[in-house]
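If you check TrEMBL, you get these features:
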- Glu101: active site, nucleophile (ACT_SITE)
- Glu105: active site, proton donor (ACT_SITE)
- 21-215: domain 'GH16' (DOMAIN)
- Asn109: N-linked glycosylation site (CARBOHYD)
- 1-24: signal peptide (SIGNAL)
Amino acid sequence: MSSSGFKFTLLVPLMVACLMASSARNFHNDFDITWGDGRGKIVNNGEVLTLSLDKASGSGFQSKNEYLFGKIDMQLKLVPGNSAGTVTAYYLSSEGSTWDEIDFEFLGNLSGDPYILHTNVFSQGKGNREQQFYLWFDPTADFHTYSILWNPQRIIFSVDGTPIREFKNMESFGVPFPKNQPMRLYSSLWNADDWATRGGLVKTDWTQAPFTASYRNFNADACVWSNGASSCKSNASPSSASTNSAWFSQEMDSAKQQRLKWVQKNYMIYNYCNDAKRFPQGLPPECNVL
């Protein structure tokens, strides 16, 4: 091998390593810590973000970008030990009185009891679409990936790649669907001991403070909204601005549908569509669509 060929073989892996490093997401680039008076921190050279809660205050952050459709992934490690009374919220939301919102909320519990994963979808300021789940692992022991796939046809909530909930576009049945308002990604850690744990019966134990949740490996394969325009060519199809546009028309295949059924059979603990007492005038229309 010539010396030039030898140098090339050394350069190729180096170039690949540089490209990989440059593509790594950095929380400094993607997010602003918006409240908490120093309780939110970006550490490890931008690779990890932590939020903390004590008796004086919680903390929160928001994405610099707004998105109109996308696949959003974030790894979270939740507050360990006795987290009763605390809520870690991780969600997409627009602004205004008729806002849209796609929610993950993690309701803390006494040490040894399972977290409750609370999900909701708001469209045009209307929510009341709660589904709640236990998880099939300890979300405080390690990082796990929580994903929102949002395209014009559906919203899919996933945990470690397993779908737990699908909310389809049912505008033809008179159900508003989030599709016109760009949303930022938000997260916050706060005290909600008036309702979060056993309906408020279990209060926050401040001797356990500070409570800390950690975040890493954020990825947004999405249409970025800026100055009234989308980075995608149109709302009909994403452009090369999105690194992998398969999500824009993605639906669940039969294997994913089976996983969804498995989660909902074994781990769902509340579904608004089964709560007839809450809707004496009749269940919401989407509950009656097969």
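For all residues, glycine too, the Cβ spot is worked out from N, Cα and C.
What TrEMBL says about a protein is an automatic prediction, not a curated fact.
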### Message
Please give me the CB contact count at 10 A for Asn109 (N-linked glycosylation site), counting all chains in the structure.
### Response
19
### Query
Around Glu101 (active site, nucleophile), which residues of its chain at least 6 apart sit with Cβ under 8 Å of its Cβ?
Tyr91, Leu92, Ser93, Ser94, Asn120, Val121, Phe122, Gly127, Pro178, Met183
#### Entry: Set of same-chain residues at least 6 away whose C-beta sits under 8 angstroms from the residue listed as 'active site, proton donor'
Val87, Thr88, Ala89, Tyr90, Tyr91, Leu117, His118, Thr119, Asn120
